[in-house]
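Here is the structure we will look at.
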Amino acid sequence: MTRPIEALIHTDALQNNLARARAAASGARVWAVVKANAYGHGIAAVYDALKAADGFALLDVAEAEQVRALGWRGPILLLEGCFDARDLDACSRLDVWHVVHRREQIEWLAAHKTHVPHHVFLKLNSGMNRLGFAPAAYRAAWLRLDALPQVDRIGLVTHLADADAAVDAGSDGASEDPHALPPSVARQVERFEAATAELPGERSLANSAATLRFAASHPAVRGDWVRPGIMLYGSSPDHPAHGSAAWGLEPAMSLRSQLIACQDVAAGEAVGYGSTFRSERPMRIGVVACGYADGYPRVAPGGNGAATPVLVDGVRTRLVGRVSMDMLAVDLGPVPGAHVGSEVTLWGRATSGAVLPIDEVAAAAGTLGYELMCARAPRVPTRVVP
Ligand SMILES: *Cc1c(COP(=O)(O)O)cnc(C)c1O
C-alpha cells in the first residue's frame, strides 16, 4: 500500500471562497491570485474552480504558461512584473499583463520589439517599502510609459502593508469595527490617491484582508480590481481577530493521513525525539504518517501545555512530542475507538465534516496559514474532489 497521506483540494470550497471575494468586492473585478503554485494547492487543481474569476494574478512566466495551457484566455497579471528583458517576449506571446515597479523594467520595454502593445500596471510604493516607485517619481514613470509605442494601457497599483491590522478599540471600550481603516492603511491610500490624481487607468490596491474588510465600505480601497489570494484557499487573513468561518470561508485543502501505529504509554514515559513530552498518566498514543518532510511544521508544539490541534476520526485532539521527518504522535484519549488506519486530519475538513482551520494549526506553530499551505511537500499528492 502507498503511504496514506494526501492533500484533498475541495472544488466546492474554492468556488464558495471565490464567491465570497466577489461579493466583498462589490462590483470590482477579481484577480484570483495563484502564485506559489496556487498557495501550494496546485494551479491545475484549482483552475476549474477559480476560472469564474476575471483574471489570474501570479508571479512568473512558467505559471502564466500553465494557466494559458489550461485554456484560460482572459487577463493574466505578473504581480512583480518581468524579472529580465526576455520575460517581455513571453508577455507578448502569451498576452500577459505585467506590473512595472522599477526603472529598468521601463527600459526593457522601450527596447522590446513587439507588434502587440502591452497592458502594464505601474506600481506605487505607498509606504510598504517593498516594490514600487516613490510618490515623487511616479508621475514621471507614468509619462515615460505613456510615451512608449510598446505600451497600450497603464493601470495603477499599490500594495497595503497592514490591511490585516487591528484597529484599537476606542477608550470607551466599544467593540472594534473590522471595517474601519487602520491608520497605516489610510495613510497608504491617501498617498496612492495623491500620486494617481487625474491619471487615467484602472486601480488595484486590495489583497484578501483589504477586500474582506474595506472593499465594500471604502471605494478608494476597492478600486477597479481586487487581488485576493489567501481567502480563496479558506484561510482568514486576519486570524485570530476573525476566523475563517466568521468570513464565510471554507478550507480548500485538507491534509489527511492515517494512524500507522498505536502505543500504550505508562505514566512518566516519554514520546518522540528529545523526550520532550512525558505522560502524566497512562495514555494511548497514535502515530501518524505525516512529518516535517510533508510540510507539517516541525515547530508545532506537542506538550502538556499548549499543544497543536489535530482531528482523529473527526474528533479534536492534540499533538504529543516532537514532529519527526515522517511521523508525528497524537493523544488518542478523546478518541478511544481509534485504531491503525483511522483517519487523521492535520488541517481542513475530516470525512465526518468536522473542520480544523489551518489558521489554528498555524497559530499553534507560531506562523500563518499562508506558510503551511505553501509548504505542502511535493511528496504529498493532491486529489481534487467536488
Ligand atoms: C500575494 C499578493 C496578493 C494576495 O495577497 P493575500 O494576502 O494572499 O490575499 C495581492 N497582491 C500582491 C501584490 C501580492 O503579492
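Cβ atoms are placed via backbone N, Cα and C, with glycine included.
Copied from TrEMBL, the annotated features are:
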type	residues	note
ACT_SITE	K35	active site, proton acceptor
MOD_RES	K35	N6-(pyridoxal phosphate)lysine
BINDING	R130, M325	substrate binding site
DOMAIN	252-385	domain 'Alanine racemase C-terminal'
ACT_SITE	Y273	active site, proton acceptor
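Of all the Cβ atoms in the protein chains shown, 11 others lie within 10 Å of the Cβ of R130 (substrate binding site). Taking each of the recorded positions K35, Y273, M325 in turn and counting other Cβ atoms within 10 Å of its Cβ gives the largest count for K35. A gap of 17 Å separates the Cα atoms of R130 (substrate binding site) and K35 (active site, proton acceptor). The two recorded residues, K35 (active site, proton acceptor) and Y273 (active site, proton acceptor), show a Cα separation of 35 Å.
Looking at Y273 (active site, proton acceptor) and M325 (substrate binding site), their Cα atoms lie 11 Å from each other. Annotation note: R130 (substrate binding site) sits in a coil segment as assigned by DSSP.
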